[in-house]
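Notes follow once the structure below has been shown.
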Amino acid sequence: MPKYVEGIELTQEGMHAIFERMGHPNITSGTIYNGEPTIDKGALDRQGFMPVLTGVSPRQDSGHWIMLIKGQGNQYFLFDPLGESSGKYYQNILAKKLPGATLSVIPNNAGLNMGLCGYWVASVGLRAHAALTQPIPPSLRNLGQTITQEMRDELTQDGSEKITQWLRAVGNEFPDGDIQPDATALRRATEKNVRIDEFQPVLTGTSPKEISINPTAPQEVSVPTWNGFSLYTDETVRNAARYAYDNYLGKPYTGTVEATPVNFGGQMVYRQHHGLAHTLRTMAYAEIIVEEARKAKLRGESLKTFADGRTLADVTPEELRKIMIAQAFFVTGRDDEESSKNYEKYHEQSRDAFLKYVEENKSTLIPDVFKDEKDVKFYADVIEDKDHKWADSPAHVLVNQGHMVDLVRVKQPPESYLEYYFSQLQPWIGSTATEAVFATQRQFFHATYEAVAGFDSENKEPHLVVDGLGRYVIGQDGNPIREESDDEDEEESGELKFFSQKKKLEENQRYMRVDEYLKLDEVQKRFPGAGKKLDGGLPGLKEYQYLQRLNSINRARCENDVDFCLGQLQTAHHQTKITPIKRAFQSSSEKARRQPNMDEIAAARIVQQIMANPDCIHDDHVFLNGQKLEEKFFRDLLAKCDMAIVGSLLNDTDIRNIDTLMQHERNTEFHSTDAKAKPVKLGETWEKTIRSGGGVTQIKHDLIFLMQNDAWYHTRVNAIAQNRDKDSTFKEVLITALMTPLTNKSLMDTSRSPAPKTLFRGLDLSEEFKNKLINQAETIIANTTEHLFTDLSTEAFKQIKLNDFSQVSARTCASTSTNIEVPRTIFGSNTIFEILDPDGLLHPKQVGTHVSGSESEYSIYLPEDVALVPIKVSFDGKTGKGKDRHIFTLVAVKSPDFTPRHESGYAVGPLLKMQTPKLEEIQRLVEQAREEPDLERVFNLQSRVARQAKFSTESGYKTFLNEKVAPVLEQSLNGLLDNNVTILGKVLSAFPSDGQWSAFNSVEARQMKIQMDAIKQMVEKKAVLEGQILPALAQCQNALEKQNIAGALQALRNIPSEKEMQTMLSISGGLRGQIQRAKQDLTETLEPLQRAITAKLVSDQEKVKVRYEKLIAGIPQQIADLEKAELADLAKVKKVVSRFNHLQEELKLLRNEKIRMHTGSEKVDFSDIAQLEAQLQKIHTKLYDAYLVELTKEISALVKEKPKNLADVKRMVSNFYAMSADIEQLRQEKIKEHGESKDPIDMSDIDKLKEELQKINQFLVKAMGTNIRVSLNQMEVKTFDAQEKEAQQNLKQLDALINKLESSDAVQKQKEELEKLNQLLVEKRKAYPAMVQLQFRSEALIIHLRELCEAHQAQMAKTRNVRAQEITNGRWKVQWLTDWVGLTTDERVTLANKEKELAKFKEDLNNDEYDLQELISNLAEKNPSELEEAIGISKESAQKLHKLLTHLNHSTTFMSKIEQRLQSIDELLNEFGKQAPRTEMIKTVEEKQGTLLRL
């Protein structure tokens, strides 16, 4: 409950807090208690004003606020928000505390209080004080008018509702900020900074929708959610441990046995065996044992019960707290280690230490921890352990078992003790849980630097029978000696015979060894340690290192420092929750995000191209480079890509392009997932509201701001990203796919803060969905437990995979905070994820400090190979709206097992297809550049060369032409004639170089060179374009069509480089540039794809294989159990259906695992799974038929029910919804049964059930509407808040019921009725301030009646005394005789009886035990004459009072009646003010006495 506001009124603490917030710290307020004022006049004079709370009583902490104001000199003023007439009733009361002073009432008008008197005192009251302390104060009349007008002004335009909402919003804390002069200014300055929950009538068709997640956790068993209590965080328990240490455990022993102190690392330890560390470990075991018992119950195991039917799984947090306090003192009474002789004495002393602690801390322990002295005595008896009742109660078991679990460290042989203690704990919590306790025990020993013993089931030492410290014996025949069996027909042997260690063995007898004992059948059945071995010490440490550790300073700190020791245990305890989870999965040592795969690289490239060219965006698709990308493509990107990885591939140019994109999408509408919210124009809002100027860094901050703060945007984006959206437009899906990676990039670029290890995420979920999450979490937690001998990792793997908890936070930028109060208080979330990231796997990014107060805000995009696994669920009280709040503690774990196996190519395929137009365009240009060779020119040149060679006189030139030029021309001609580009390519290198030509300077030689260069360019152009570029382009295109990235890149490498093509003058510079740009663009697109890494799904092949074999091995037995399952009623049928569906999910998991293990190219063999699926399918028909029969019975029974009240109706509604869900489940089962058949599905049987349920629905709508109307008319002031919340819930439930109706006419009619009920609730809310005002006026009436009664009866007492004395003086001596015979009457008896009667009336009227309504009810039972006589009012006034009391005795919410009653109170109080105390009754007595005397 809020501490500052009760209903809509400020409490005393709230009044002090609001004045402190306004700059008036430590004010003193006054009270009027039962009509008696408590006023500190000195404080009033110092402060200048004093709020006074009236109507206070032992039964009521709040009341009506008024204000005393110190004026000039000895002048005081009274301000009453109810008005002048109400203030005058308090004037006389308060004047008694201001002797000699003048107290005036400010004449403000009535009817404006609206139940907000505390607020008015802190607002207009303070302003009145300021006015009255001016050098020239206003007249009271003017001040009254000013106050009246100010109150009227503030109440206009639903002012009362606004004030009420603000008061409720600040009910726990007033927002920080500048000092304000009064409450009005404070409200207006802080309204925008507080979360105001506006009243919303229930609109038809707006019932909450849940997220479509179907957990597979069985719904059969549950335990109450833990409230978060823990040894490590509870100060009460910690203080008890400190007290025990300071006064006992930290003191030297006074005895002699093993009492010598030990020096560990320079610190003395006085009690190394039964000291602080031992005590704290036993307390930690208690917590572990209860945790594991709860897990065992959730697993469906049967546990040993106590006399009251409870088990250790039913221990409450409050009970465990008391048990731990008792454990803190369990060994405090020891004088030394001689416990066997002094057990009774030591435990008596421990009990006395406990009792002494409780007595010294009684004020904080009783009744807050222990209910009473009887409760304390019970725990004292547990400590004393007088009768060794170790199984009587949870306290007995936990205290004694905790002690025993810790004893293993000092007992030999350890195998014997471990087996015995295991057998003692096992019945209470089961074998699996017992293993977990002893596994945790070893971790606790490590954590507190205690020695950890080994366990060897092959130990040849004699076995010790712990219970009695005896032995078992192997007889002469080599078999164990046993007791004779009592049952002659029993085939099994008797129990092992116990022998004292003092008994002398006979010849050929010997003690049974440890290994022999552990191999016995009866031991192996109950103890899983047979054939197992556990190493002692600490893994990784050599013996001498381990001994150093055991004698270190930290060992001493664990014995001497409560906080240090608890910290060590807490760390170990926490690790035992995480280790089983990690053990169940393939390990991953890499903490960083994985490298991008091909599709993520392709996605980034596509995002970049769209951002750079927003004109490619159309209303229902994107048309990019010839490819039409529709909604499914972008949904695939969101569902299959890690968008944080995609974001890491983007650059600042892409960020800058956001402004361009937003301009293009200026009028694109974005819709919040809230159906009532108006759509927002994306680009326009970005430009006008979000963007605040600045460069690329500011764009990043603005994008983050948009994602974090604008619900119209982030609710839709998150819903689309997680594929749980409805009615999204293509543009909204596209924007989500573009902005999600860009937001991640912005977060990565702007975050500079170190990554926190703990984050909190708040969600507001429907109760139904939250309960499913709780069920999922508890199923996972129950199956992830530490083990000592038995490997449970396969079951843990299965439950975590089947109940994936990560999807709630996956695929989107999830907002989190390092401060739990952000989701808890600021946002009022009913679900909080406490996310632990000890290994730094989540890479949270600080949102940025662009908004003040956002420094604690972080965003996480969950890596796809990281899962959030629950390790704890805690109840965390109520939200501001009265909902239960739960905290889910999750740990981040990384493994290839969490990486989904997507079919690749969903993004690469479209990207590669986009490259085809580029290739085709280059091919077109190259084709255009091709020319037919000029063969005639070659012929002519050949002839010319032949002539010059023949007639040349220079022998060198002649030789050059014949050997270098002529062959090249011949080869070129052949190549051109045959169109053989290969020959032409080779010929190119044979053309004479410029150096060779330079040796000949003749005119003929120079002309010949020019001609040869022209031929060379002709050959070169054909050889390069047709022999290299066109084939390379064709090869590249062919490779891209086959998604052969390497082949495409190799083809691109076959295109000459830019440097090579610079010398190819035969090809135009423009074409060369186009070719090189296309090559570069294609290479830049394809090379990153070639470097992409495919995530490795299997890092430990053997582990995955063994896990699969274990999973599939358990399925046949589960199927056999289903075949034999009992189907006697609906509950049992549903239980079996749930198990059936769960088994189907297990088979799906097995299919996924088989795919994960598959590495070859051949088809996966699913034959083993298919065989199991076929077996399962045979069971389904029988299940469906049984489900239909039992559901029909239940619906028929519901039709016949006749509810008597709203509770009955709501119970029927609950059954109605359950049956609606059953019908839907039945429909799904029918679809499953139909399978892949092409025949139409016959749903007639289900349709009949739906018709019957519709009749129930119609009846419930009418019944609920009627009952809601009645309850609304019966709302009362004291319970208004609770009744209002209940009414809102009922109206929501009615709305949901109406929406279930199938007839449109019926729906419309009932929605009209719902609207009327909504309006009626609004009217009651409006009437509430008047109801509060009526209560205050009723209190004033009672106070005035008390004053009248007091004055009247005081006057009557005087008159009676005088009259009684007169009668006594006037009696003669023997008148007693005439009285006795009846001739006269002694009227003193009558006077005395009347005095008693009136005194009883006065006592009841002033009884503090009654609340206001009880007082009114008692007075209403009196008749008018009794009221007249007892209070001293006129007959007419008594009749009016009786009538008024009769009305007030019945509460009302109707304004007309409230106003009528307020008017009657005012009229009566005015009449009372004019009447003087009456003494008619005394006069009547006098006359009667006189008459009797005359007789």
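Heads up, the Cβ atoms here are built off N, Cα and C, so glycines get one too.
The 10 Å shell around the Cβ of His64 (active site, for deubiquitinase activity) contains 28 further Cβ atoms across the protein chains shown. The active site, for deubiquitinase activity annotation in Swiss-Prot covers His64 (among others).
Annotation note: Asp80 (active site, for deubiquitinase activity) sits in a coil segment as assigned by DSSP. The feature active site, for deubiquitinase activity is assigned by Swiss-Prot to Asp80 (among others).
Following the DSSP three-state reduction, the secondary structure of Cys117 (active site, nucleophile) is helix. Of all Cβ atoms in the protein chains displayed, 30 besides its own lie within 10 Å of the Cβ of Cys117 (active site, nucleophile). Feature annotation from Swiss-Prot assigns active site, nucleophile to Cys117.
Ser766 (NAD(+) binding site) counts 16 other C-beta atoms within 10 Å of its own C-beta, drawing on all protein chains shown. Positions annotated as NAD(+) binding site by Swiss-Prot, on the basis of similarity to another entry: Arg761, Gly762, Leu763, Asp764, Leu765, Ser766, Glu767, Glu857.
Feature annotation from Swiss-Prot assigns compositional bias 'Acidic residues' to 484-493.
When secondary structure is read from DSSP and collapsed to three states, Glu855 (5-glutamyl glutamate) falls in the coil class. Taking the Cβ of Glu855 (5-glutamyl glutamate) as centre and 10 Å as the limit, one finds 15 other Cβ atoms among all the protein chains shown. Summarising the annotation, Swiss-Prot assigns 5-glutamyl glutamate to Glu855 and lists similarity to another entry as the type of evidence.
According to Swiss-Prot, the region 'Deubiquitinase' annotation covers 1-192.
The feature region 'Disordered' is assigned by Swiss-Prot to 476-497.
For 755-995, the entry in Swiss-Prot reads region 'Mono-ADP-ribosyltransferase', with the evidence type similarity to another entry.
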Original post:
Per-residue pLDDT averaged over the region 'Mono-ADP-ribosyltransferase' (755-995) comes to what?
Top reply: 87
Subject >> recorded positions compared (Asp80, Asp764, Glu767, Glu857) - the one with the fewest other Cβ atoms within 10 Å >> reply: Glu767
Original post:
For His64 (active site, for deubiquitinase activity), which of these recorded positions sit within 10 Å, Cα to Cα: Asp80, Cys117, Ser766, Glu767?
Top reply: Asp80, Cys117
**OP:** Between the Cα atoms of Arg761 (NAD(+) binding site) and Cys117 (active site, nucleophile), find the distance and write it as a whole number of Å.
**Re:** 39
**OP:** For Leu765 (NAD(+) binding site), identify the closest of the recorded positions Asp80, Cys117, Glu855, judging by Cα separation.
**Re:** Glu855
Original post:
Name the residues of the same chain, 6+ apart in sequence, whose Cβ is under 8 Å from the Cβ of Leu763 (NAD(+) binding site)?
Top reply: Val808, Pro823, Ser829, Asn830, Thr831, Ile832, Phe833
Original post:
Secondary structure at Gly762 (NAD(+) binding site) (DSSP, helix/strand/coil)?
Top reply: strand
**OP:** Give the distance between the Cα atoms of Glu855 (5-glutamyl glutamate) and Gly762 (NAD(+) binding site), rounded to the nearest whole Å.
**Re:** 17
Original post:
Nearest to Asp80 (active site, for deubiquitinase activity) in three-dimensional space, by Cα, is which of the recorded positions Cys117, Gly762, Asp764, Ser766, Glu857?
Top reply: Cys117
Subject >> Number of other Cβ atoms within 10 Å of the Cβ of Gly762 (NAD(+) binding site) across all protein chains >> reply: 21
Original post:
On the Cα atoms of Arg761, Gly762, Leu763, Asp764, Leu765, Ser766, Glu767, Glu857, which are listed as binding NAD(+), what is the maximum pairwise distance in Å?
Top reply: 26
